[in-house]
Amino acid sequence: MAGGVKKPVNIFRLQDLGEPKEVFNWRLWFAVLSFGLLGAARGVDEGLISGAFNSKHFQGTIHYSSYTKVEQANIKANVSSMVQLGSVAGALIAFLICDRIGRIWATRQLCLLWVIGIAIFMGAQGNLSAMYAGRFIVGLGVGQTPVVGPVYIAEIAPASVRGLCTCIFTGFVYLGIVLAYFTNYGCQVNLGDTTAARWEVPTSLHVIFAVLIFSLSLFQYESPRYLIKQDQHDKAVQVMARLRNLSPEHDYVAQEINAITSSHREEMEATAGSGWVGVLKEAFTVPANLYRVCLTICAQILSQWSGAGSITLYAPDLFKILGITGTDRTLLVTAVFGIVKLTAAVVCALFLVDFIGRKRSLLIGITFQAVSMIYVAGFLTAVSELGTQEGYVLSPSQSALSKGAIAMIYISGFGWALGWNSMQYLLTAELFPLRIRAFCTSLAMSFHFANQYGNARAVPNMLLPLELGGISPKGTFWSFAIVTILGGVWVFFMVPETAGRSLESMDSLFSLPWYRIGRHGNRNADMDHLESPRVGEEKVITGKAVLDEVEKK
């Protein structure tokens, strides 16, 4: 298990990686599955809320028709985005909870918050204030999931398959979306649009997943890296041995534990007695760490404003703008959209992220997105009446172009799942040293949800015609296209390839000058490690770098 870059990984031939065959065992995959399910929290909410909100019964409970068009847009934005607002706070507190009570108990408490919030939302009986409060509390729980899940998975997975394991989290995001879309569609067809069950049954998926994840956490053990951070070395060895299906005395386990222990000891010696001030100082005053912080924050901003997240959240409304008519048909097309994204996530996890690398997968996904957004924006420019004129009917020639635009929405979803949505979690979870990992992941995910909240609040108003204060559908998609292209340029120059590196070896990559990291990071970093060391022999420079930089400051 080398510290540097490895050859491409064929997930169907894991026995050829040079790792003990016992490493890839059912305990590892069960742990990854249990924490990967946390991804469904976001997926379920994003897939459910727009379809549930469009239910006539739900709209009747809040007297939706009594409001003006602008007020309706604001109410829809508030109900949809309140989870994202709560998630900002949830992501910010996640690192405190993770580092104070551990990854396992953090999972259990977020599940409780999740269920309490949904109970308040479903029992609000049309009271908008109670609905907002319930969804905000849901956000406090859901906002912790992209911190707790990817961090735990990254900390227990062998470096050779860490990309695959973390992408399983992303896969469950889309599984949640697909289940939500099809549940909405099934309830619409079988229960009608005028009963409470039409939106309450789909919403109950939240409770089902929360209870399932809480139950699975009872069968899992704390992360060995967290245990070492808590000075529980013997227990860390036992858990690592269990996860690797090897004896505690096995060389592989000893090497892995020694690498983690050495790295953490160096960090602690460099920042002894400094507490949370030391964490902040280490994150923001050490250039190598500051680059990583900026990298993950920029990734969250560019990914969220590329438009694909908004399409997921408001898919039924956007398909309606593009010419899909009828509630049943809109929900079915939306459900197929979820399947496309789930398929892309699986392809990325199995064949790309550990085979061609993170950066190439991300650039391929962004290319799909950019082409799609430009086409849809061009179509809406050519047929500007869509979304601005009520009841506009497409001509035969425009209908053909409309089908192309719908296909492009599918392609954009494929690209999003292949690129930004898989990489934003993986890069955030694997870049940082152990001492600041939970804090920096929380910080990055707070930006993720802050931008998602802004996006969810802005898009319903952006889609409004110019005379009502919006920028129209065409303006909205041109904005998405520009941000997507800018994101691709930024990734090309600034994001390094990290596939195959152990978590403890990232420092050699980010110790390079900032202008060399993105384009030549892995190659140049490996020149300092001509012979890739084994675990336990890795060159651990975290503490030294931190000490030198703190002394300079």
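Cβ coordinates come from backbone N, Cα and C, glycine included.
In TrEMBL, annotation is done automatically, which means it is predicted and not curated.
For reference, TrEMBL has these:
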- 31-499: domain 'Major facilitator superfamily (MFS) profile' (DOMAIN)
- 110-130: transmembrane segment (TRANSMEM)
- 136-154: transmembrane segment (TRANSMEM)
- 161-183: transmembrane segment (TRANSMEM)
- 203-221: transmembrane segment (TRANSMEM)
- 290-311: transmembrane segment (TRANSMEM)
- 331-353: transmembrane segment (TRANSMEM)
- 362-384: transmembrane segment (TRANSMEM)
- 404-422: transmembrane segment (TRANSMEM)
- 475-495: transmembrane segment (TRANSMEM)
Next item on the list: Look over the recorded stretches 203-221, 290-311, 475-495 and say which has the most C-beta pairs under 8 A to the transmembrane segment (161-183).
Entry: 203-221
Item checked: In contact by Cβ distance (the transmembrane segment (203-221), the transmembrane segment (110-130); 3 or more pairs under 8 Å) -> yes
Checklist line | Long-range Cβ neighbours of the transmembrane segment (290-311) (under 8 Å; 6 or more residues past either end) | finding: 46, 283-284, 318, 366, 369, 373, 409, 412-413, 415-416, 420-421, 423-424, 427-428, 431-432, 440-441, 443-445, 447-448, 451-452, 454-456, 459, 476-477, 479-481, 483-484, 486-487, 490, 494-495, 510, 514, 517
Next item on the list: Take the domain 'Major facilitator superfamily (MFS) profile' (31-499) and average the pLDDT across it for me.
Entry: 85
